[in-house]
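Data block below; observations after.
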Amino acid sequence: MKINLSMRELVSRLSTTLKTAIALSVLTACTANDSVSLTSNISNTSGVLLESQTKITDGALHFDGKKLNHNTFENPSKSQAYDYFFGRNISAHGDAVKPYKHFVFMTWYKGGKEERNVMLSRFNTKTGVVKTIQFPHRHTGFRGDPLVGESHNTIGLAVSPLNGTIHMVYDMHAYVDDDETGRFKGRFVDDFFRYSFSVAGAADVPDDEFTLEQFVKDTSELSQGADDYKHLTMTGNLQDKENFSALTYPKFYTSDDGELLHYMRWGGNNNGAYYFNKYDAKNQKWTRFTPFNHKDQKTHGNAYNWGLYGQMKYINGKLRVGFQQRSANNDDRFKYQNGVYYAYSDHPDGLGNWKNVDGEDMTWPLVNSDEIKIFEPGDYIDHTAPNSVHIVTGFDWTVTENDDVHFITHVRSTDTKRSDYKEVSIHAFKPANAVDFTITTDFTGADSIYTSGDSIFIIGLKNGYPFVEKAKGGSNDFEVVYQQASGVKFDHGTIHIENGKAYYYLMEKGAGNALPLHLQVIDLGVTE
């Protein structure tokens, strides 16, 4: 595989953006408590438009206190402010929104600091009703301290189109059984994995029947009581519990055949693996986890251990993996991540036939990440000293229905005060029939990249308002096709794309640790 480098003139890019901006729709302010539909009186030739905006709740959990570190986390504030570790966001964060038939399901944590319950809302687009279930479980906080919020403890969500069951995995960050001498001080003994699921057909029940009674209680020997809806394994077999230990970042996908797939990261930041499993809708049972790559790679002959920062995705009919590596080698030039790595499986369940981007067989489970490396973003900064290159934010990837492969990433100097400081955003893409990747730095950067049909999209917030940029798959020709200009301002959100629509699940800007959540449904003007 070769790599081509391209750089378009910045003036050309600005000119295109300005022309597009002239034609943008100016949206009416959206302040209603319930679902509303918004239209534009200005022609939008892109076909991108906001279908509706719906308030889901007035009080979702948000961390509004101080950011703590390893020196301060044992002394959090006992006042109303909610101190946190890592990031502020835990609601409208992660794998938290999924459409199913004429419903949209959303997970969140209840605010404020003293509440923290796991919540599940269902928006019925036919009746306009938002019905919410409150679960007994409360966010446990960083390493089990409820006074320290933990942004990694997101709630993964799925609905099976084959039997209407609802599945949630939540509130964990590499938790394990340990004792008072361990990292978690014995706080997660037989409670290190949290899985809740419903009876068959629960996703379809009438609004007044969408209640906690649709979910299955844990009646095993490890049950924590009559109101325990948490299950320690997804298989239903407690003998499998070690297979569900030390996991983080739940994410669900639905295959083209309606099968549910689920993956998580096993291990830690610089020594981890992607584990995935599958739901058998007929028997209503999940498989054990299967590794994409080995953890503890040194024990398998690699020169060093490494972790993954990216995602496993089921997209365009295949299970795929794209990530950046965080090496346990602390003496190289990379402070955190490096590289762009990618693989896909020709097996419908990912159980073999794994290949690199060129279609060549790779070792499975993977040990040496170089087998699937595409390029090195760190080469775009001329630093060689240990830990001088900083790669953390702005990485994502997607594959269009035409099989165009796209990666975005961001690299900068670790020392922001050095005289030769450099910062670069990169877009690497390979059209379906191309042999080589094109890599361009004529890219403004983004947190995520999405696809629908043969198009690619960058969707995010600008000054608190949603925007959409669109380009044809296999190109870098992004144009702004949608920009909200008024209404509710948002702090952050998470997005799910399905059937040509973006389900943008958003938290409203505000003060305190209990803030409103909204759902925007944006038609992307794509026929799938």
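The backbone N, Cα and C atoms fix where each Cβ goes, glycine too.
Feature list (source: Swiss-Prot):
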ACT_SITE  H152  active site, proton donor/acceptor
BINDING   S151, H152, Y309, R326, H390  substrate binding site
BINDING   D218, D228, K230  Ca(2+) 1 binding site
BINDING   N329, D332, F334  Ca(2+) 2 binding site
LIPID     C30  S-diacylglycerol cysteine
LIPID     C30  N-palmitoyl cysteine
SIGNAL    1-29  signal peptide
SITE      R265  site 'Neutralizes the sugar carboxylate group at subsite +1'
N329 (Ca(2+) 2 binding site) in three-state DSSP notation: coil
By Cα-Cα distance, the member of binding-site residues K230, D332, F334 nearest S151 (substrate binding site): K230
Which same-chain residues, if any, lie at least 6 apart from R326 (substrate binding site) yet have Cβ under 8 Å of it: N269, N270, W306, G307, L308, Y309, Y336, Q337, N338
R265 (site 'Neutralizes the sugar carboxylate group at subsite +1') and D218 (Ca(2+) 1 binding site), Cα-Cα, nearest whole angstrom: 25
Pairwise CA distance, D228 (Ca(2+) 1 binding site) versus the residue listed as 'active site, proton donor/acceptor', rounded so that it is a whole Å: 23
Nearest of the recorded positions (H152, K230, D332, F334, H390) to R265 (site 'Neutralizes the sugar carboxylate group at subsite +1'), judged by Cα-Cα distance: H152
Assigned conformation of K230 (Ca(2+) 1 binding site) - DSSP reduced to three states: coil
Cα-to-Cα gap, H390 (substrate binding site) vs K230 (Ca(2+) 1 binding site), nearest whole Å: 39
Residue among the recorded positions K230, R265 whose Cβ has the most other Cβ atoms within 10 Å: R265
Among S151, N329, which are binding-site residues, the residue with the most C-beta atoms within 10 angstroms of its C-beta: S151
Those recorded positions listed as H152, H390, and which of them has the most Cβ atoms within 10 Å of its own Cβ: H390
Cα-Cα distance linking K230 (Ca(2+) 1 binding site) and N329 (Ca(2+) 2 binding site), given in Å to the nearest integer: 38
Site extent for substrate, whole Å (max Cα pair distance, S151, H152, Y309, R326, H390): 22
Rounded inter-Cα distance in Å - K230 (Ca(2+) 1 binding site), the residue listed as 'active site, proton donor/acceptor': 19
